[in-house]
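Working notes, structure below.
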Ligand code: PBG
């Protein structure tokens, strides 16, 4: 003891003092999570009579109208802030006709949920064509097999109006067509739906982490990939430009997607964006943790909370996550 140098016995700064007890750590935590900022993505499928488990996403189901309603009620009761619907129609065609059919699978679900849950949880719908087209692309195709941007905008406009008439509160265009937010805003306003908000998938990357989702939503492209319209993972400045354009076109909220591999983008966007910034913890991120936990390779609950906290720390105001309900319970 005596011959230890003085500075080793008395460090001038001891950050550990504030880490000593759970109460101290809680007192000084810089970031907090709350169930109300979580959004649960949900799948509803036409023509099934029991919920269908998604094998690559343990704990996630393709719902029937009944099981959807029950799960939505559970989410609302847990205090989850919002839910976003993805529909899987029975019949697909070249132009994705079921997407804007007033009796399409999502429109029916919206009518059902918004009538009595709309006050308790924000009801959103993904707005895209990939689950509805026979070719699995997010838009209409040119004869050469490329996605036709401007023809697709007309389809998106019509889907937005169909979802609005069915009671959606927020639409989430995810197709990455240029001008999609402006086209949707104009269509909604033209049909008298000024109240419907737009959560723009503004910076959406062409990602391998969407793999399990394509099983869940049955929307894998039948040829090619989405690199002609989704962003290149190499780019960051492009994300800021996409966000700027979407905000100028009338986006009420913007999203960065995927999350974990793009936290730098979340942080950059959150720094300058004048509207709320959400991040989507996508299917592959969910599957990675579930698979590793199943093997006993990591502590599942701690990993879930750590990733969610990471999104908030990076600056995401809302988080879309398949763990929304479970995380809400953990936070209570
Ligand atoms: C497209 C869409 C996708 C996801 C959400 N909307 C798939 C894609 O772009 O290929 C992925 C979500 C996830 O992986 O959890 N409508």
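Using N, Cα and C of the backbone, Cβ positions are placed for all residues, glycine too.
Record features, source TrEMBL:
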ACT_SITE  204  active site, schiff-base intermediate with substrate
ACT_SITE  257  active site, schiff-base intermediate with substrate
BINDING   214, 226  5-aminolevulinate 1 binding site
BINDING   242  Mg(2+) binding site
BINDING   283, 322  5-aminolevulinate 2 binding site
Compare the Cα of residue 322 (5-aminolevulinate 2 binding site) against each of the binding-site residues 214, 226, 242 and report the nearest.
214
Could you state the CA-to-CA distance between residue 214 (5-aminolevulinate 1 binding site) and residue 283 (5-aminolevulinate 2 binding site) to the nearest Å?
9
Of the recorded positions 204, 242, 257, 283, the one whose Cα sits nearest to the Cα of residue 226 (5-aminolevulinate 1 binding site) is 204
Sorting the recorded positions 204, 242, 257, 283, 322 by sequence and keeping only those with a Cβ under 6 Å from ligand 1 gives 283
Only counting partners 6 or more residues apart, tell me which same-chain residues put their Cβ under 8 Å from the Cβ of residue 204 (active site, schiff-base intermediate with substrate).
174, 176, 230, 231, 255, 256, 257
Neighbour tally for residue 214 (5-aminolevulinate 1 binding site), based on other Cβ positions within 10 Å of its Cβ:
16
Give me the Cα-Cα distance between residue 242 (Mg(2+) binding site) and residue 283 (5-aminolevulinate 2 binding site), rounded to a whole Å.
23
Entry from the recorded positions list 226, 257 having the most other CB atoms no farther than 10 A:
257
10 Å Cβ neighbour count around residue 283 (5-aminolevulinate 2 binding site)?
25
Around the Cβ of residue 242 (Mg(2+) binding site), the count of other Cβ atoms that are within 10 Å
23
Could you find out if DSSP has residue 214 (5-aminolevulinate 1 binding site) as helix, strand or coil?
helix
Around residue 322 (5-aminolevulinate 2 binding site), how many other C-beta atoms are within 10 angstroms of its C-beta?
24
